[in-house]
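Summarising the annotation, Swiss-Prot assigns domain '4Fe-4S ferredoxin-type 1' to 18-47. Residues or ranges marked as [4Fe-4S] cluster 1 binding site in Swiss-Prot (evidence: similarity to another entry): Cys27, Cys30, Cys33, Cys37. Look at Swiss-Prot and you will find 65-95 tagged as domain '4Fe-4S ferredoxin-type 2'. Annotation comment: Swiss-Prot describes Cys75, Cys78, Cys81, Cys85 as [4Fe-4S] cluster 2 binding site.
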Amino acid sequence: MATLTNVTFGGTAWIPQFVQSINQTKCIGCGRCFKACGRDVLALKALNDEGEWVEDEDDEEIERKVMTIANRDKCIGCEACSRVCPKNCYTHESLN
């Protein structure tokens, strides 16, 4: 399959890099990536001290929150999330 290549307004070739994964051990749940993404790709989810997902209503069980990929299909490959992440949690790949 061919690689998806776009051209910027200035004529430079650009290959979108789509979000593949978030390293949840490194994620500090700061929300910077969530604010940078205007496409509703990400969601902040809660974990308990055993590393299991918990509902936000169970406040007493929440150990910490981490970012997750909620809607991968909405990613446009801009990598804004990765650029603002202070812990470099993101892995991106081009379409092949």
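From the backbone N, Cα and C atoms, a Cβ is placed for every residue, glycine too.
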Give the nonlocal contacts of the domain '4Fe-4S ferredoxin-type 2' (65-95) in its own chain as ranges (CB under 8 Å, at least six residues past its ends).
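The answer is 1, 3-4, 15-24, 26-37, 39-47.
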For Cys27 ([4Fe-4S] cluster 1 binding site), just count the other CB atoms lying within 10 A of its CB, please.
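Counting Cβ neighbours of Cys27 ([4Fe-4S] cluster 1 binding site) within 10 Å gives 20.
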Around the C-beta of Cys37 ([4Fe-4S] cluster 1 binding site), how many further C-beta atoms are within 10 angstroms, looking at every protein chain?
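Result for Cys37 ([4Fe-4S] cluster 1 binding site): 20 neighbouring Cβ atoms inside 10 Å.
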I'd like to know which of the binding-site residues Cys75, Cys81, Cys85 sit within 10 A of Cys30 ([4Fe-4S] cluster 1 binding site) at the Cα level.
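Taking Cys75, Cys81, Cys85 one by one, the ones whose Cα falls within 10 Å of Cys30 ([4Fe-4S] cluster 1 binding site) are Cys85.
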If you draw a 10 Å sphere on the Cβ of Cys33 ([4Fe-4S] cluster 1 binding site), how many other Cβ atoms land inside?
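Around the Cβ of Cys33 ([4Fe-4S] cluster 1 binding site), 23 other Cβ atoms lie within 10 Å.
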How about long-range neighbours of the domain '4Fe-4S ferredoxin-type 1' (18-47): same chain, 6 or more residues beyond its ends, C-beta under 8 Å?
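Answer is 53-56, 58, 61-72, 74-77, 80-95.
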Around the [4Fe-4S] cluster 1 site recorded as Cys27, Cys30, Cys33, Cys37, what other same-chain residues have a C-beta within 8 angstroms of the site's C-beta center?
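Nearby residues not in the site list: Ile22, Gly29, Gly31, Arg32, Phe34, Lys35, Ala36, Leu42, Leu44, Met67, Cys81, Val84, Cys85, Cys89.
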